[in-house]
Amino acid sequence: MLRVEGVEKSYPGAEGPVPVLRGVDLALARGETLALTGESGSGKSTLLHLTGGLETPDAGRILIGDENVGTLSDRGRARLRRETVGVIFQQFNLIPSLDVASNIAFQARLAGRHDPERTRELAEGLGLSPHLAKYPEQLSGGQQQRVAIARALAARPALVLADEPTGNLDETTAETVLAAMLTLVRESGAALLMVTHSDRLASAMERRLHLEKGVIA
Amino acid sequence: MTREGLRALLSHWRRNPLQAFTLVAGLALATALWSGVQAINAEARASYDAAAATLGEGRFAQIVDSDGGEIPMDTFVELRRSGWLASPVIEGRLNGVRIVGLDPLTAPGGLGPVNLDSGTEVGTFLGGEGQVFGQTEALDAIGDLGPERVADPDVAPMTVVTDISVARELLGRDGANRLILSPDQPMGRPELSEIAPGLSLRPAQGGTDVARLTDSFHLNLTAFGFLSFAVGLFIVHGAIGLAFEQRRPMVRTLRAVGMPLNRLVWLMAVELLGISLLAGLIGVALGYVIAAALLPDVAATLSGLYGAQVSGTLELRPVWWLAGLGISVLGTAAASTAALRDIARMPILASARPRAWAMRQAGGRWLRIGGAAGLVALAAVLVAVTEGLAPSFAALGALLVGAALALPLVLDACLALAARGARSAQAEWFWADTRQQLPGLSLALMALLLAMAANVGVSTMVSSFRLTFTGFLDQRLAAELYVTAEDEAQAERITEVLSPEVRAILPVQWVERDVAGLPAEIYGNRDDATYRENWVFLEAREGAWETVFAGEGAVINEQLYRRAGLSLGDEIAVGPGTRLPVVGVVGDYGNPIGQVIVAEPLFQRLYPEVTAQRYGLRTDRPQEIRDLLREDLGLPEGQIVDQSSIKAFSLQVFERTFTVTGALNVLTLTVAGFAILMSLLTLAALRLPQLAPVWALGLTRKRLGGLEMIRAVMLALLTTLAALPLGLALAWILLARVNVAAFGWRLPMYLFPADYAVLAGFAVLAATLAALWPARRLARTPPGELLKVFSNER
């Protein structure tokens, strides 16, 4: 499903380019769950962004199915994010002016795969049914993250990317949200790549890789 | 995808109705003021065109008498016989209506707007008592004079068209005022000077006389409309900038979930197009209301200042609707280009946090300083080395834009100075926070600066004008009573009876004729101390009145002096075969045409057919003389007017003339007040993250609300102080440059500190009212809202 081969990425710094990823390789099969751990600044979020086509690598290849994300145009990467990938951010990134129901269905609608039944199931599975008419600002952090998870899964993506999905939540809420996310991802058959610095969360995944100073340790 | 994207974008406005209202209202107001002014201009121009069609002005070459007199019909016949395709026109006024007599058989433009398409009608027109064509208003005013009255909406306002023979009879004239020439003249005809040496040829012009004369007035109105539009655009620019900034997180999310960037930018452009069309429609409708309300006063102004007749009712013109929508769309495009460009260039993973939207505007400090200094210098150079209307307006524009650019820098310097004196932690925070808010409020404050400066400038001009005009009336209306005789016999009787009773009888007698190629009135004044004691010369030769009353010189008004480019000593034709040197120039405010004053005996010799029927009476016993006129001579009350009544009437006309300017002033200031309100309200939403820490550290919400109020009022006051010198500079350019080019007179500039204080009071009041709502909202913000700032990003 996902193959990352020799990926490198640098960012400009005051004293020249600062390498963040120095040749990362990893693979993820369909339906598999993988935790990517590492200290702050180890490059794990950058790798996730590159995988989701939010940024482009300086070197190496990222293949999702048969598509090389790095060689896609901006339009092509947008299509990939719309149709193939579901991204869950630490900061939720909901659309504040749309209600919960519209937020959940949004990406599926963009991808032309909106299924009201699927939206209802996801809302129910994540305990969001009573909140469908509410707006994001009226929800707690945990509820907002559940909406973000539902949105990412509503379009039935082949790959789910989660960037510290429980980083903004308290421990109990984090447990609940993670459990719901894993259940739904497994049910959908998607692959899940989750970035986290928490060993406890990582242990819930089938596999884990540790990133250190831009390389897989 | 397009539908979903648009839905998401539009949902922002649904959730932020105040912002949507700001945008639509700002754009609608800007469009309204602009299109209102354009509607007035269009209506006036349509009236001029109708006048041109009626009178043949400008369209055809003309033959006129070199000394401005009438052209005998024999001369016309002789010209026709020698091959000149000329057609006579007789013009004059009757009961306030312009009578135009044309010869339908020879006139190159036929009867202008009057359509005679059958022989029978031409027969009626020419035969019997004839017909007069005009708008209902003109026909009512002229009354039943014999000829059949036919309503025709295409004839110019307050004008009637008729056959030349009817006009001759109605006006009691023999000769023609001018001869219109057909564009296709036969070859080989003799020179004009051979047949009629006293006549001269006036070539066809691009536009009508009245249109050229009033261009300056319309340019004035357009400039005002544009200023209002610019002030409105400040609101739109602010609203769009803020809306886009607030939607940064949404843009990031939309892109993250697969919306291509170019589609997103395209959708935003479509969204703005829709909003601008909606606002444009509302604006054009509002503009129609404004134009309809102001048009009667504009018509009065044009009539008073230029003698141009403009219809007092507004027609709906499709071009005007389209132009209004167009300007709304263009204005939105201008105000949103930067915001759209920012979105297009924004990296997908750029911070979604609305970065102190306003702080971005702080960038390019040196660019602003350079721009402001450059524009003010340009204005100074234009004023110093150029003349005329267009460079004067360019100078005004450069000065205003330069000052607006400089405003945030000046305010920031003032605040930095104040911050140095801060002793308490709260004061330090207040000044620092105010400086931080400045970029966000600067657009609204610039709008306030422009509106205030325009108010100070225009009110100084109008008040200076009023003061000069009042002084001018005191000079000119020196006689205590004015009496009008019904006929010559009554005039003689009045003179006879009053001679032993009053100090002086001053006849008011004049003829209309061209002087130095311009329309003018020639007055025959009686030698009397009244003129020497009251009239003030702008320029004169030694013993000017003595020279005039000796029949050896003429006094002219400032308009004629400037427009004809005359100097003292230049000779002008004051009658058939008589030329006199100009010995003095007097101010003559509110009069559209030139004026020449010669001695009464000379006037009577030149124009024996004119007898005075109106007199000014110098007396110390006005009431007794009034009684005598009424009781012994049987004059009705309406024929006797005292000095104060005429002055009151003249001032009333003056005030009406400037109603339009006053109304536009008030509207512009209202728009600026609205800009401040909307800036404060929209910024209030972004303020919570800045205020929450201060609240958490111990300041009450009420106190925070109070400080927000003080901040707004203080900034408005500082802006008002900055607007004062700017407004005075504006007034100087208006008085010393624009007025001279537009009206032909230069006015002295007076200062009106009390008026400025009242204006400043209004500005502060507007700012207080504008700040009240956001401050009150802040003071009542639930603690939970403030706490949210600490709990997560949004």
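Sequential numbering from 1, following the chain as shown.
The backbone N, Cα and C atoms fix where each Cβ goes, and this holds for glycine too.
Here TrEMBL flags B:223-348, B:664-783 as domain 'ABC3 transporter permease C-terminal'. Residues annotated as domain 'MacB-like periplasmic core' in TrEMBL: B:443-598. Residues or ranges marked as transmembrane segment by TrEMBL: B:221-244, B:264-295, B:319-344, B:365-386, B:392-418, B:438-458, B:666-688, B:709-736, B:756-775.
Tallying C-beta pairs under 8 angstroms between the transmembrane segment (B:438-458) and each of B:319-344, B:392-418, B:709-736, B:756-775 places B:709-736 first. Across the domain 'ABC3 transporter permease C-terminal' (B:664-783), DSSP assigns 104 helix, 0 strand, 16 coil. Residue counts for the domain 'ABC3 transporter permease C-terminal' (B:223-348) by DSSP state, with H, G and I taken as helix and E and B as strand, are 107 helix, 0 strand, 19 coil. A mean pLDDT of 78 is what the model gives for the domain 'ABC3 transporter permease C-terminal' (B:223-348).
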